[in-house]
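Below you'll find the structure, written out as structure tokens, and then a few comments.
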Amino acid sequence: MEESRLILALDVYDRERALEIAECTADYLWAIKVNWPLIIGSGLKIITELKQVTGLPIIADLKLADIPNTNRLIASKVFEAGADYIIAHGFVGRDSVEAVMELGKTIIVVEMSHPGAKEFIQPVTDKLIELANELEPFGVIAPATRPERVSYIRSRLERGIRILTPGVGAQGGKASDAIKAGADYVIVGRSIYGSNNPREAARRLYEEILEVV
């Protein structure tokens with residue numbers, strides 16, 4: 001079985017449901033992304049439990065956006081819980097991002113997938129790409145809802161920095177389009193965990209991606 005490029009955004013509250021969905025879809029995933037809903041609903045220990053159940057990397061999508069000391073305090077506990085990667089905002093500046101990177105692998109938001117991102121984030125995307133190129137994080141977040149923006153970001157980003165793209169499915173993006181535009185990984189949430197058959201939904205997306213890589 002070829003390595004997956006699919007990341008499950010497990011945006012649910014309930015611990016048992018989260019573990020059940022993670023276990024049944026794990027064969028088709030590269031990683032699982034946890035966000036505030038699951039951490040608030042189930043506690044930080046859910047990161048440890050998901051790793052135990054699936055053996056997959058865990059991305060903590062906290063979008064850290066605070067002063068360096070606060071970012072450092074949060075990241076320390078999240079990495080201790082077993083997270084492999086943390087997502088942080090770049091717009092708060094180099095020092096705040098470096099505080100997270102000192103502790104573990106970091107993914108920087110350079111552009112988001114929702115319509116409102118065009119108001120304040122997209123106008124500074126070039127600056128955020130420059131920051132990423134200088135700091136060399138594991139990866140950056142770019143919008144699968146706008147493949148042309150993924151292509152734009154890829155063309156200006158150092159090749160060793162991965163692109164992870166949310167917005168596939170419920171937000172309107174297509175997995176294969178994101179990959180063809182230059183994404184390394186595709187992040188999907190509701191189209192998998194909201195499906196009547198999450199495993200089958202994950203399998204279909206896994207195969208869609210494989211057709212274009």
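Yeah, the Cβs are placed from backbone N, Cα and C, and that goes for glycine too.
For Lys63, the entry in Swiss-Prot reads active site, proton donor. On its own chain, Lys63 (active site, proton donor) has Ile87, Ala88, His89, Val109 as residues at least 6 apart in sequence with a Cβ closer than 8 Å to its own Cβ.
Positions annotated as substrate binding site by Swiss-Prot, on the basis of sequence analysis: Asp11, Lys33, 61-70, Ser113, 166-176, 189-190. Reduced to three states, the DSSP call for Lys63 (active site, proton donor) is strand.
Non-local contacts of Ser113 (substrate binding site) by the CB criterion (under 8 A, 6+ apart in sequence, same chain) comprise Pro143, Ala144, Thr145, Arg146, Thr165, Pro166, Gly167, Gln171, Gly173. DSSP assigns Gly173 (substrate binding site) to a strand in the three-state reduction. By a simple count of nearby Cβ atoms, those within 10 Å, the most crowded of the binding-site residues Gly169, Gly173, Gly189 is Gly173. By a simple count of nearby Cβ atoms, those within 10 Å, the most crowded of the binding-site residues Asp11, Ile67 is Asp11.
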